[in-house]
Amino acid sequence: MNTAATTPDVTTVRVELGERAYDIVIGRGLLAAGGKLVAERLPKVRAAIVTDENVGRLHLPTLSASLAEAGIDHVPVIVPPGEGSKNFATLEQVVRAVLAARLERGDIVIALGGGVIGDLSGFASAIVRRGMRFVQVPTSLLAQVDSSVGGKTGINTPEGKNLVGAFHQPDLVIADTGVLDTLSPREFRAGYAEVAKYGLIDDPDFFAWLEANWAGIFSGGPEREYAVATSCRAKAKVVAADEHETGERALLNLGHTFGHALEAATGYSQRLVHGEGVAIGMALAHQFSARMNLCSPDDGERVVRHLKAVGLPTTIGDIAGDLPDADGLMKLIAQDKKVSRGTLTFILTRGIGQAFIAKDVPPDAVRSFLQEKLEA
Ligand SMILES: NC(=O)c1ccc[n+]([C@@H]2O[C@H](COP(=O)([O-])OP(=O)(O)OC[C@H]3O[C@@H](n4cnc5c(N)ncnc54)[C@H](O)[C@@H]3O)[C@@H](O)[C@H]2O)c1
Ligand SMILES: O=C(O)C(=O)C[C@@H](O)[C@H](O)[C@H](O)COP(=O)(O)O
Ligand SMILES: [Zn+2]
């Protein structure tokens with residue numbers, strides 16, 4: 001069970017994981033209270049703040065001042081922005097900087113940034129001294145609604161997305177919804193794909209609410225806090241029930257089997273950022289489900305209509321430049337972590353909000369579906 005306590009300014013969602021339970025604190029302007037929130041829960045720690053050049057320029061001074069005010073000694077570790085930083089070289093940079101600062105096992109790594117920074121520095125915190133404490137300060141919409149929660153950390157390799165990593169839960173998540181005001185429209189849209197995902201998995205009412213209210217999320221109205229908190233509650237519930245993805249957590253992978261293959265195929269570059277891959281992947285998952293007579297084609301059309309309305313890509317053809325052929329994409333899909341004894345698992349659907357885990361999906365059906373989509 002997850003509990004949530006709401007005040008006018010701050011919403012707290014608890015991730016119920018026994019002795020590793022933690023709070024997600026959500027509200028506008030929380031960055032300046034970051035030091036206090038950390039000190040209340042983790043007294044007398046030192047910290048490394050890992051961030052990227054963009055977020056560091058915009059938001060590091062506020063967090064740094066608030067840590068100093070709370071008496072938390074800290075060092076910044078700044079890496080290049082973008083998916084390309086989820087690699088061994090940047091992991092080494094972060095690990096070495098944390099060691100050089102002589103942080104102890106009980107000290108903290110703070111991820112100040114989007115999902116790239118969270119995944120990268122979370123993995124560093126999992127392996128330095130066999131596991132340090134970790135605080136997520138997510139600054140992208142995607143990180144606030146998804147990647148900062150649940151403890152999946154890791155890096156990419158040319159073979160595939162997130163293939164090297166560890167489950168390592170944070171001790172605290174501080175989501176200041178105000179910092180999203182500086183996010184580019186493209187990155188905001190990309191993060192929105194993961195918000196829509198929660199509706200499509202098992203909450204058709206939330207999807208319908210999003211269809212009616214998405215503009216308020218983008219413009220920074222109260223809809224934004226509601227969408228972040230609803231997404232965090234949905235994710236916290238799944239993570240509490242299945243922390244290590246032995247079962248239902250795989251539902252959070254809706255759209256990701258296709259999406260991750262497309263991200264690898266585009267070299268983890270700006271040609272396709274993660275949330276865009278997820279948007280295309282969710283459209284494909286609904287269309288493939290209709291092809292397999294699991295849901296109505298109308299469901300796929302509704303998903304595409306909404307994702308397009310917010311400006312997200314929905315087809316493979318929306319990706320600029322060359323892509324591998326269907327066999328090349330199938331090779332990438334075969335590296336998916338849901339593959340078991342060589343058979344493919346996809347998250348498919350019986351309709352809006354009715355996703356399910358489909359094992360033993362016939363590869364020939366996927367290949368011919370992809371062939372058709374590549375030619376469209
Ligand atoms: N661990 C998980 O459960 C999980 C879940 C979803 C996604 N992910 C991972 O998250 C990554 C994608 O995260 P992302 O979309 O946040 O990408 P990102 O971290 O690359 O951030 C996107 C861009 O926005 C910039 N940015 C971030 N916050 C900003 C702000 N407030 N103002 C201005 N610019 C800002 C960054 O510098 C970057 O250029 C992928 O690697 C994906 O695999 C992990
Ligand atoms: O937390 C999860 O579980 C998810 O699947 C969330 C996804 O949005 C996220 O992209 C995750 O990193 C994908 O996990 P992976 O195990 O397929 O790498
Ligand atoms: Zn994702």
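Note that Cβ sites are derived from N, Cα and C of the backbone, with glycine treated the same way.
All TrEMBL annotations are machine predictions without curation.
Noted in TrEMBL for the protein shown:
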{"type": "BINDING", "residues": "Gly115, Val116, Ile117, Gly118, Asp119, Thr139, Ser140, Lys152, Lys161", "note": "NAD(+) binding site"}
{"type": "BINDING", "residues": "Glu194, His256, His274", "note": "Zn(2+) binding site"}
{"type": "DOMAIN", "residues": "77-189", "note": "domain '3-dehydroquinate synthase N-terminal'"}
{"type": "DOMAIN", "residues": "191-339", "note": "domain '3-dehydroquinate synthase C-terminal'"}
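One residue stands out among the binding-site residues His256, His274 for having the most other Cβ atoms within 10 Å of its Cβ: His274. Distance from the CA of Lys161 (NAD(+) binding site) to the CA of His256 (Zn(2+) binding site) is 10 Å. Between the CA atoms of Ile117 (NAD(+) binding site) and His274 (Zn(2+) binding site) there is a gap of 13 Å, rounded to the nearest whole number. Taking only the Cα positions, the spacing between Gly115 (NAD(+) binding site) and His274 (Zn(2+) binding site) is 9 angstrom. Rounded to a whole number, the distance between the Cα atoms of Glu194 (Zn(2+) binding site) and Ser140 (NAD(+) binding site) is 12 Å. Geometry remark: Asp119 (NAD(+) binding site) versus His274 (Zn(2+) binding site), CA distance 13 Å. Here the domain '3-dehydroquinate synthase N-terminal' (77-189) has a mean pLDDT of 97 out of 100.
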